[in-house]
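Asker: Starting off with a structure, shown below.
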Amino acid sequence: MNLKQEKIAVLLGGTSAEREVSFNSGRAVLEALLKQGYNAHPIDPKEYNVANLKKDGFNRAFNILHGRGGEDGTMQGLLEQIGLPYTGCGVMASALTMDKMRTKMLWKAFGLPVADMKVVTRETFSELDPQAVVAKLGLPLMVKPSLEGSSVGLTKVKAVEELKSAVEYALKFDNTILIEEWLAGDELTVPVLDNQVLPAIRIVPEGEFYDYEAKYISDNTQYFCPAGLTPEREQELAILVKRAYDAVGCRGWSRIDVMCDAKGNFRLVEVNTNPGMTSHSLFPKSAATVGISFEQLVVKILELSL
């Protein structure tokens, strides 16, 4: 199958809170494809009706949309309906992993390690008992929306009095909020490409956690790949990540975030089914350490499209 003879839509932008990030990823992907002789075109679903792709002669989609509307199963479902092959995870894995709470519940059911958490919804917010939550989970706490990506709406809660306002803030972004035990150890992210686990990256943000600014804007966030784990720990992490990837039904490529608790135990955090592909992005950094260039990575992801 010669993909260079196909007309490829690079889906970028979109309508989520992560629109700008998706543009940055999309431009980098588009440039890599064009440089290698692919017939690729930028398509922003905010400006163009994706249902017309096939009619307009497109054969395949490289989906680099981030967040709701692009990474949550809806775009995948639309592409399935029109019969257009696309990169990344399918409808079910995309929809499931967009929901951090249900992803963690599934992992827990598989016996995989996740942080202890309390779930609060808009409906149950009035019954929230901060004292009881702190008694169970301790301090500090992490409060985050279940559905929004890119670390939007996060708060670190250091005192019981701050919990309610942190939940109220998170409720601006989603109806379901997770209050989680604070994981004090290393922050790691692990890419998976075509069922192969790539080297882990250790993230050391300048601030207290890896928020939107640290992720996309700050040059002071430090990344270490290799992550400085012993070979045994790297192996243990790779096995855990592959089990987590398979449990939620990922395919093609994804990146799984993992935190360590104070004792160094791994805790699964979330799945990114369309990881960032910018100059700052972590997936390309990891791939580079095993000799896969950015251009090769883009082509490989395209080749894995179903």
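The backbone N, Cα and C atoms fix where each Cβ goes, glycine too.
Below are the features I grabbed from Swiss-Prot:
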| type | residues | note |
| --- | --- | --- |
| BINDING | 134-189 | ATP binding site |
| BINDING | ASP257, GLU270 | Mg(2+) 1 binding site |
| BINDING | GLU270, ASN272 | Mg(2+) 2 binding site |
| DOMAIN | 104-303 | domain 'ATP-grasp' |
Asker: What same-chain residues, at least 6 away in sequence, bring their CB to under 8 Å of the CB of LEU141 (ATP binding site)?
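Answerer: The answer is VAL133, VAL134, LYS156, VAL157, LEU163, ALA166, ILE179, GLU180, GLU181, TRP182.
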Asker: Going by a 10 angstroms cut-off between Cβ atoms, which of the binding-site residues VAL134, LEU183 has the sparsest surroundings?
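Answerer: Candidates: the binding-site residues VAL134, LEU183. Fewest Cβ atoms within 10 Å: VAL134.
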Asker: May I ask which residues of the same chain, at least 6 positions away in sequence, place their Cβ under 8 angstroms from the Cβ of TYR169 (ATP binding site)?
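Answerer: Those within reach of TYR169 (ATP binding site), by Cβ under 8 Å and sequence separation of 6 or more, are VAL143, GLY153, THR155.
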Asker: Between GLU270 (Mg(2+) 1 binding site) and THR176 (ATP binding site), what is the CA-CA distance rounded to a whole number of Å?
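Answerer: Given the Cα positions, GLU270 (Mg(2+) 1 binding site) is 16 Å from THR176 (ATP binding site).
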Asker: Other than its own, how many Cβ atoms are within 10 Å of the Cβ belonging to GLU270 (Mg(2+) 1 binding site)?
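Answerer: Taking every protein chain into account, the count is 20.
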Asker: Taking the Cα atoms as reference points, how far is ASN272 (Mg(2+) 2 binding site) from GLU162 (ATP binding site) in Å?
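Answerer: Here the two Cα atoms are 29 Å apart.
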Asker: When DSSP is mapped onto helix/strand/coil, what comes out for GLU162 (ATP binding site)?
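Answerer: Going by the DSSP assignment, GLU162 (ATP binding site) falls within a helical segment, counted as helix.
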